[in-house]
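One structure is given below, encoded as structure tokens.
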Amino acid sequence: MKSGIHPNYVATTVVCGCGNTFETHSTKETGRINVEVCSQCHPFYTGKQKILDTGGRVARFEARYGKRAGKGAAKESAES
């Protein structure tokens, strides 16, 4: 490797908004990285995930055009 072109790779402390800290290595010179969420407080990892069904595009599409598969299946069974 060429000398003088690579950044320094230093031990870095990552500090989460929830108070969790852990050590890693980074090229950031301050030695500290502040983050908003981590694996200890993120809802996906903690299991406290909320599923929000706001009835977006799919619901508007079905309201506008109806469920075509349901109508087609009913016609086929009536013909048989």
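Cβ atoms are placed via backbone N, Cα and C, with glycine included.
Features reported for this protein in Swiss-Prot:
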type	residues	note
BINDING	CYS16, CYS18, CYS38, CYS41	Zn(2+) binding site
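Positions of the features from Swiss-Prot, shown on the structure.
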residue: CYS16; record: Zn(2+) binding site; Cβ within 10 Å: 18
residue: CYS18; record: Zn(2+) binding site; Cβ within 10 Å: 13
residue: CYS38; record: Zn(2+) binding site; Cβ within 10 Å: 17
residue: CYS41; record: Zn(2+) binding site; Cβ within 10 Å: 16
Residues close to Zn(2+) site centre defined by CYS16, CYS18, CYS38, CYS41, Cβ within 8 Å: GLY17, GLY19, ASN20, VAL35, GLU36, VAL37, SER39, GLN40, HIS42
